[in-house]
């Protein structure tokens, strides 16, 4: 994934913290860009 994304399963607070910052506060796998409760494409490449 993009180099600015944090590692999968690391803590996140904002959509800029990782490719998929879930509502649970954990980065989802960067290979899964659309997951329930996680960031969607509108959050990417900001």
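Placement of Cβ uses the backbone N, Cα and C atoms for every residue, glycine included.
Copied over from Swiss-Prot, here are the features:
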- 2: 4-hydroxyproline (MOD_RES)
- 5-19: disulfide bond (DISULFID)
- 11: 4-hydroxyproline (MOD_RES)
- 12-22: disulfide bond (DISULFID)
- 18-27: disulfide bond (DISULFID)
- 21-38: disulfide bond (DISULFID)
- 29: 4-hydroxyproline (MOD_RES)
- 44: D-phenylalanine (MOD_RES)
| request: Taking only the Cα atoms, work out how far residue 22 (disulfide bond) lies from residue 11 (4-hydroxyproline), in Å, as a whole number. | output: 9
| DSSP on residue 22 (disulfide bond), three-state: which is it? | coil
| query | Cα distance, residue 27 (disulfide bond) to residue 11 (4-hydroxyproline), nearest Å? | reply | 6
| Here the disulfide-bonded residues are 12, 18; which one has the lowest number of other Cβ atoms no more than 10 Å from its Cβ? | 12
| query | Can you tell which of the disulfide-bonded residues (21, 22, 27) has the fewest other C-beta atoms within 10 angstroms of its C-beta? | reply | 22
| note | So residue 11 (4-hydroxyproline), by the Cβ count within 10 Å over all chains shown, scores 12
| task | Sort residue 27 (disulfide bond) into helix, strand or coil using the DSSP assignment. | result | strand
